[in-house]
Amino acid sequence: MVENVNINNKRAGKMSAAPTPHNTPSGTSAPNFGAKAPQVNTIDEGDENLEAIDGKLGSLLHLTSEGVSELPEAVQRRISGLRGLQKRYSDLESQFQKELFELEKAYAKKYAPIFKRRSEVVRGADEPTEEEIKKGEAADENEKKEPTSSESKKQEGGDDTKGIPEFWLTAMKNVLSLSEMITPEDEGALSHLVDIRISYMEKPGFKLEFEFAENPFFTNKILTKTYYYMEESGPSNVFLYDHAEGDKVDWKENADLTVRTVTKKQRNKNTKQTRVVKVSVPRDSFFNFFNPPTPPSEEDEESESPELDELLELDYQIGEDFKEKLIPRAVEWFTGEALALENYDGFSDLDVEEDEDDVESSSNEEVSDSDEEDSDSKHTAHGQQNAAECRQQ
């Protein structure tokens, strides 16, 4: 799981700020829930107690920064010995991470024939064999699961249906982080998505490949998004995320889903004449995923910001969700089974009453935009409404 931390600092002193790949250990031990809390004296309002506590805090800070050098020589030698053992552990952990990455690459090659067969069935290039069908039915019986809504409403006929329509779009919409990126306009284009694949590079990193059938939105047959890890490992000898690169989408005329057309009125200050112009402004779309945020360079520290860090972390997490969730278990996301397993904690959202003052304040707010008027994007491929706000930018 990606850590909720700053991920764009590459300097050695800040390596711990970068997230680690989803399937690597975080390097921290589990909390000891059985441990007793430290006993702290009750703080009264008297100055005497406050001064005593202040003195204890000062001694702790002193021990943290300088106390080791003041310990007896024999104790310092033992600490040096522990550091030597820690170095041996770190070397082994570094070797483990490298071998784990190579193991992932090796098994990716073994998974490839399975995913290829899945792609053939989804796009309608081939039908599943009797053996494949029997194994799937046997797995359903072993799990003794209740039928999903899609299974309980089987439709008659459908013999002319090719493959599994909107397989990947449906699966993606069942993954929370991915569904939040998809706008109503995006669905028309994503319905032409026939496969999503992952491949590994020689250098640490992975590539996502999105294959599309011919469609009225863009000319690309395959769109890729590549995630790169840093060459040098972090303090825990795990791979650290560096940056991502995506393909440019070659949009067909008037079909760009990442922009919308806005009609604006302009007035000449001298002649007082007005004219109407149309400009394109960015809008939310899943396809912004292929134009990832760029981490600032090491020299450009001024461009660092919490907002950029959040965008970088979100972009990396989305890539991990494709890699670790959607691609390995696509059919379970399509049927909704994986979504049920995600809700393992048994908690559900509760209805919370809003503060009356907040509700009244919100109802009294007015939004005025006399200068701009959203116009129909006039996409030749569809006539859906403008997208709702989503996280991916």
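Using N, Cα and C of the backbone, Cβ positions are placed for all residues, glycine too.
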From Ser69, Ser90, Ser94, Ser362, the one Swiss-Prot labels phosphoserine: Ser90
Which candidate, of Ser26, Ser361, Ser370, Swiss-Prot gives the annotation phosphoserine: Ser26
Which candidate, of Ser59, Ser65, Ser179, Swiss-Prot gives the annotation phosphoserine: Ser59
Neighbour tally for Ser90 (phosphoserine), based on other Cβ positions within 10 Å of its Cβ: 15
